[in-house]
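Below is one structure; the comments refer to it alone.
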Amino acid sequence: MFSFVVKLLFFIYFLITFSNASHIRFGTFKWQPTTQYNEIQFTLDLGFRTSAWFSNLPQKNDFIKISFNFGDNVVSTYQLILTTVDSKDDWFTGTSVFSHTYPTLEVGKTANYTAFYSLCCRISTLLNEKDGDFTIKSLVQIDNSNSLDKINWSPVSGMVPIYPVTYGRNNNFNIPASDQHLRPGEYSNLVFTFGEAKPDGMTLDKNTGMVYFMPSSVGLYCAKVIITDKNGAYITLDFILQSEIQNGFCHHQCNNSGEICTKNSDCINCGNLVYNKTQDACLSTKPIFIYPPTPKPNQTQTFVIGEQNEGFNVSCTTDAIGLNTTIQPVGFPIGFITKILEIGPKSTINLLWFPTSFQDYGTYVKYIVCTDSLIKITTSIEIIIKKPDCSNGGFRDKGICVCPKNFTSESDCLDCSKGYYGEKCIAVPLCVNGVSNSGILGDGKCYCNNGWIGDDCSISNSQSCGSLKSGVVSSSIMEQSYINPVGIQVYLANNQKYQIQVNIKIPEKNKLIDVYFLIDINQNTQNEFNNILSQLNDAKTKILELSPESVSFGLGIIDENGLFADLAKIPSDSIVTSLENKKWSGYNHTITGKSLSAATKAAKTPLGWRTNAFKSMIIIPRTDLPLSPIQTEIDEFKNAFIEKSIAPVVIGINVSLSNWNSTLYQCGFGAYKLSSDAQGWKNFVKTAFKETSSSVLGNGVLQNIIFKVNDNSGGLAFLKSIPENLPIDADIEVVKTLSGLSLSLPINYNSSINPSLRVCTIGYGCIDIKTNYNHPPTPNPFGISCNQNSDAIFQLEGSDPDRNILTFKFTSFLSSTEGLIKTSKGIDVSTQKDELYAGSEKFTFSPYKNYLKSLYISFIADDGCLTSDSSAKVSFSINKVNQPPECSSAIVISEFEKTVDFSFTATDFEDDDQLLILNAQFIVSSELASLEQYGQLTYIGAKVTIDTIIKKSVKILFKQTKNPLNLLVPLTFKSKDSSGLFSNLCTQTINITHTNEAPISNDGTSVTIPRSIGNPLSLLSTDIDSKSAIFTIKKVNAGKTGTFYSCTDNSCSCVAGSNDRIDITDNTKYSQIQYAKNQASLPICFTNSEPSAVPNYAFISFTSTDDEGLESNLATVIVNIVGYRTNVAPVVNKIQDYSVYQDYLDSDAHVVTGTDADIDDYNPQNANNLIAIITNPPSNGILVTVQNGSSIAIQGNAPFTHYYRPNPGYAGTDSYSYQVIDTFNAKSSIESTTITIKPINHKPNVLIDVYKFTSESGDGVIETLNTSDQDGDNVICSVISLPKQILMYDDKGVQIKSVPMVLPNNAYSFKLLDPSIITPTPFSNVLSTFSINCVDDSEKTTPKGVLSTGDVIGNVQYYYINTPPKTNISSVKLSQDSFIAFSFEGSDIESNEKLLKVLLYSLPINGKLSKSIDSNVVLTKELIGGDNTFGLDELTYTPLPGQSNWDTVDHLGPLDRISYSIVDPQGLLSPSSTISFQVRSRNPPIYLGDSDISVLQNTRFPLTIEGELGGGGLSVSIRVLSFSGRGNLSISHSMGKEGFFDKLITEYPSQQLGSTSYNFAYNPPRNQFGSNFDQIQFILFDNDIISKIYNITVNVIHVNQPPATELISYRILNQFEKEIQIDGSTINMNVNDSVLIKIYGSDIDNQTVPLVALVSNLPLRGLIYSFDDNSSDYLGREINHTSQLIPLNEDGYWYVIFIPTKGTTGDNYARVPFNVIDEKGVVSQTSTVIINVNSVNLQPKIYIGSNSNTFVGKVNLTISITNITLDDPDSVNNNISLIVSIVDDNDGDEVLPLSIIKLSFTQATPKCNPNLNLALITCIGSKKSLNASISTISVIGSISGKYRLKLFIDDLGYSAPSTVRAESHLNATGYVNIIINDPIATTQNTDNKTVLSGAIAGASAGAALLVIGLWKMIKRSSPPTDTFFDEGAFMGDVSSSPIYEKSETSYVSRIYEGADD
């Protein structure tokens, strides 16, 4: 319910950051747009020194926190994930990938931002830019003028954190970079330039990025390179280069080819070799990458997201013997997998990556390092991560990606469809009351709306206010605190007191006590001050007795100006020293009574108080307060001590404190003590804490629990009471629970503020209380729209700042003619007007039929306690939708031979009668054909066909021309309105009525009968539409003897003796004679007694009358008499069985006839005149007399022709029977004939209903054709033609693209994909037709085979329903006390944005809306709603003065929110939305720190400027505007465990961002002080909200400065040398000498007595004497432990003489420290002189044997030279060098080649190196080993002549002081003569001198090669150090040969090489 508090606290905590710094090595970042033009993904790569961040070695995937500035006033913190950790070189790399959304732009606009990462500081050991700021930045281009695929991306680069380069050689490498978003056909055009960091001598090719660099120094450089693409986007690459010495060898073209070298300049005379930027003279063997498999730097490795790959291999090898290579990928993304394939001198790894995420997309430039443990090499790799053409397995079809399920083609299958998330695009979980984090980068989590919690946001964390009681919402308990809770949040339900329980825990001894001494240094006398100072340690001891292990101290002073100055924050161990250094300031009478304000200032100052410590300040003023202190000062003092929970203890020394006493009593807390003895005040300190009676409550401050509240607390009105004071007098642990802290809700309170208050105990801590209470809810107005005659579902909405569960009640309702609103249970809300509905209730709005006006209802919100102050409206907008016409079914009755008129009945809401048409093409053709069998259908005089257009108001005529039996003929039809919209199917039924026809009595029948008693006769009547008949005998003429009679039951048998005969007379009637098979027969009898034939003897005439009274014709039956005769019955001829086809009208003619053996007829010419009678008609058909006629065949004269007609549709068998009767009524037998009715194939039928769908229908509904076939055959339908603009699909969803096309399952659907491309008018209706042809699958072939319906036209109708406009919840940001012309977000696919309007439902509460063009028009309730609409850009919002988000309940805003809908030109509303106004407070940050600071003279002062957020502020930044500049002001950077690094501010203004606390350091100028010494002027700002200008005055407090000691010079007395200035602190003297040392002392303070100098510690060796100029040896008294003072000489200097112990030497032989002391006993810093007593190097010697120094031999014979020894008196334990060579006997010293003479001797222990070309051997070794080697020297000459053996010895200067060793080499040279004679038997033609001269000349050319041997030998002989002997080892007295010349660059090792003996 109160979660906003947590948010706010977190927000504030997040702002409290600290300025930290570390040793950064490398950095760069790239950027690229994501799925939105202004959503930019950044990839930041950084490298740091590991130990600056981690105490233990970190691992990959560990992280650190970094802050990044996006350049739009947004700074965010992210995790930098470690990607590479190098434990050897102490660095790591990390990558952070994050996204940022920049402000939106209008279409077509662009914007640029400079994003950057900045950090202090670079490392101090850099050769350039040391301690400089580190900043990498990039120009980020936001582009809303291009499609996403054309928006620019930044370049990308990379580097190793420390790039290895070789000192003194060319180091050429490329800055690897890629233009990562080149489009097809483009080429990279990157430009490379240096940033502000550039090593001296480094050059850069701006087009290629090639770097040329020859380091001139060994160490670390930094370089910054700016890489810019052709669009102006740039990135920064910043890295370190490490210049190291590498051993190498000179190029073969150099004179010293193969010689060991370290830099190019070591190689000389390299001939034609040009070593410039690309070639080196000094070469090294390095490891090398093997190409392939290693990709070359200009090659790219491509990976495709989601696709498998094999990665790539990297291989490296080395030729160095015994070394293996190691390959290290640097900074590769976390997903890379490294597999080691090969280890050894050659190493191979595989780098594999399966990128799966869209985040991986882009280009990477990474480095790989190979090392063989001696030398590192690098290579760069460019990696491109591509999106697949269609990601996630999709494929492209006609330019569109067809994606797997749940992926969208709009993103080329890279993103999920709505409602799916993650890389596999699975469905998001249920999210009931929130928004799911969907999309491929989403995590599927449900982010809950306010008031809901749980994974699916289904659990309400709200409750009704009515169920709430006052109580604790949350509390914070701190176990170590004396008072708990330390923080509490309380909900106040009413104005009843609510008690808060307080727990007090006081341990046996207070665990933590902090005591801060505030001492006034303006004591009357120095003695008083010294007494305070002397007792301070004792006072500490007394307090420590209270809690021996846990007391901390601090110290502040009231200075000579009466101002507070903090000398030592808590905890400090040096408060006594701090006060000693401060000294007494001297009495200042002007500061009387200022201790109260100084104490207040001290209480407000951050002094380092520890959390959970008892806090006390001991105030020792010089004077009492004024008699009547200013009340405001007392209040300020009281509130400051209450707010910080500090217990004041005031101690007066020799002064009355009555006014202090009354002030403490007025405050209600504290203690005071008076001491008449300045030395005894220490005793009162402890009692002030315990056992004192001089306190407000009579006991010590530690024993009082005193509750107080700051008078300025904002929530004071909510506080009803605080606990009473609690005395604690027990020494054991006390735990008590206190009551008395109570709160209540004031009757009148500001409902928009939740105030806080702090209740404190004095010393023991505070309770921070946050109050909450209920606020009225607010109903949210909104609008909904629905289509005409459609429903809309809605829920009521409201907001509540307290997150209460809301219910709602309607306050107005709809009328029955407007519409109906029902609940989810179907209840009309107007029937329960006082019902409260839950917020989850769903209502259904149903407008009255065809109601189109706008409607609204009102409702209020209720939170269980309070009802909203006002109601809100729900506005209903009904979208007019063209309604289809409605047709009606009807029946029309027709009569035979009559004409009837009728109309198709239809109505339409929009159209009048003239516009409503009915098209006969919508009448089923088979129905029309059926009707035409019975009559004629005409319209306006013309026959109705399927092409007839019928208007509603014109009658249709039907004349029934046939008189069938009653039947109904349907006409199925549809109506169509003027828009082409069709109705549903209706039926107009034609009731074909049968008109009754009179029966037919059989007429003209003659019967010939013999004389008999009774002959049967039948009177016949035929009638097809009657059930019975009445036979009426019209006339009877029975002849003379005849009688016609009948029987009573109409069934006479005409046999004799019938007793029921009734004679027939005229007008006799017979009724209820039934028709059977359309025939009715009245049997009668005729009897006569005539003996002879009489023609026309009798007759009977009759009629038959049907059921309806129609009388037939008059029929007469004539009786001929033939008298007595016999008669033979006739024989009937059988008709053979035959067959006919189904539904054919008549068969062929058939005849009933027979034969008669006698002549029956009275008239002979009529002999055999038989009567044929159908005795049993067929059951499934009829017999007719005339083909295609309608007269039923019953009987007739034979031969009787008839035709068989089967009943419609019947197939099978049928039969009929027949006989013939002769004239005597003799009947033949009855025969029957069977007819086979053969089935035929009938034409199938299809009915196509009008297919209707709308723009809101979504995918088309599948429609199935209505087919039928009389024969039961399958009907197969095909599409013959397709509609235009509308796409047709089969029932599988496959589009039908070509015709004819069979329809599977005879089903289809339609879609119209994009209404914007409808022609000629987009977003309009489309009416079109298609045609279907259906065939059956009959197997019949005769008389007809397969039949079709023919092409039947179908109609498809797409009706475009105006789409509601859209809008989004949006937010407008502005600043407090400003206004903004804003735009509503609205769009409509049918309309131009300029045509859209805004319908407002509500107005802002805390601001106003006005028209932008006329600010005087302020909107009121009367000007909104209804027909009042506004343009999207028409309004301006202005918040009330001083109002901002800070004035909302949770301070987070928004300040205002209004509801609205967008209205399109057709009046359709969008769903309602809200626009909120986030009014950023213009409350600037606040500085609450000191405006005056006191700085000790010559002391660095750490100045922390802390700012508080202004109300509603977001950040605190600082801008130092100016600094007066007498001292130095620096930004102080925390370097972690390395302490602080101060960086001097050189330019103003100086700005810092991203923290709330900023560290500076102030350093006063040396030895200057004074009040108002410097001024610091600054502002705090929050983005563009700027505070007032703050000033900090710096007072530099004078502190007695220690004097300074200065070492001036020295003079070696024994040598009468001149005075030598002491450079640094070192003096060099020789063994057995003495030295005079001169020192000087100075003091910046004014001294009244001279300074005193002393030797503070006597040296361990040697003696020190004072100087006595009158003594012959200058020695005065010895300076020893008895007296270490040095007498001051008359010239103002002090002199001492140092004499080392006889015969002893050594570096750092003695250390003599000097100090001077001023009159106040302040001692200077020690100045120590270091004395080196050096030995004296002695000359080495060479001894040639005394016998002879000439040796004679012969050519090619060995001469042994002996008796040569060498000696160096002072080379006992160190080596010396020896060169033995043979030169000619002239004065020259050119060494002879081996081709002339050879030289050798035993090489025992020494390290010797014979030259390969010359007679020369170089050795280094001890005297003993060298003498052993040259005891015998062998010489063999191949040419006779005179030679000299030359020996050169160098003592290497080891016996000289190390500092002058290079200049102290001593050497000696000796010669031995050698004469080589030719053999005696040999004749020599050439002069020896000539030969020898030639040989020598030839050898001269190779003299330079000697150096190679010398270097190699010396190199191998060098001690194992980081340097080596150079040619200085051979310096001597030989100068004629170049090989003996002194090197100008000689140097030697600082480590003595031990002799090898």
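Placed from the backbone N, Cα and C atoms, the Cβ positions cover glycine too.
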Residue among C416, C425, C446 that, according to Swiss-Prot, closes a disulfide with C431: C446
Residues flagged as coiled coil in Swiss-Prot, choosing from 520-547, 1472-1499, 1528-1555: 520-547
Pairwise CA distance, N313 (N-linked glycosylation site) versus N324 (N-linked glycosylation site), rounded so that it is a whole Å: 18
Nearest of the recorded positions (C446, C457, N991, N1775) to N1646 (N-linked glycosylation site), judged by Cα-Cα distance: N1775
Candidate glycosylation sites N661, N1591, N1756, pick with smallest Cα gap to C431 (disulfide bond): N1591
CB contacts for N1591 (N-linked glycosylation site) [other CB atoms within 10 A, all chains]: 13
Whole-number Å value for how far N324 (N-linked glycosylation site) lies from N1591 (N-linked glycosylation site) (Cα to Cα): 64
From recorded positions N324, C457, N661, N1775, the one whose Cα lies nearest N991 (N-linked glycosylation site): C457
Around the Cβ of C431 (disulfide bond), the count of other Cβ atoms that are within 10 Å: 22
The domain 'EGF-like' (421-458): DSSP-derived helix, strand, coil residue counts: 0 helix, 12 strand, 26 coil
Between N324 (N-linked glycosylation site) and C446 (disulfide bond), the C-alpha gap once rounded to whole angstrom: 54
DSSP three-state assignment (helix, strand or coil) for N1775 (N-linked glycosylation site): coil
Nonlocal residues around N661 (N-linked glycosylation site), in sequence order (Cβ under 8 Å, 6 or more apart): Y672
Distance [Cα-Cα, Å, rounded] between C457 (disulfide bond) and N1775 (N-linked glycosylation site): 87
Average pLDDT across the topological domain 'Cytoplasmic' (1912-1957), rounded to a whole number: 33
Cα distance (Å, whole number) from N1756 (N-linked glycosylation site) to C446 (disulfide bond): 104
Most crowded position, judged by CB atoms within 10 A, among N991, N1646, N1756, N1775 as glycosylation sites: N1775
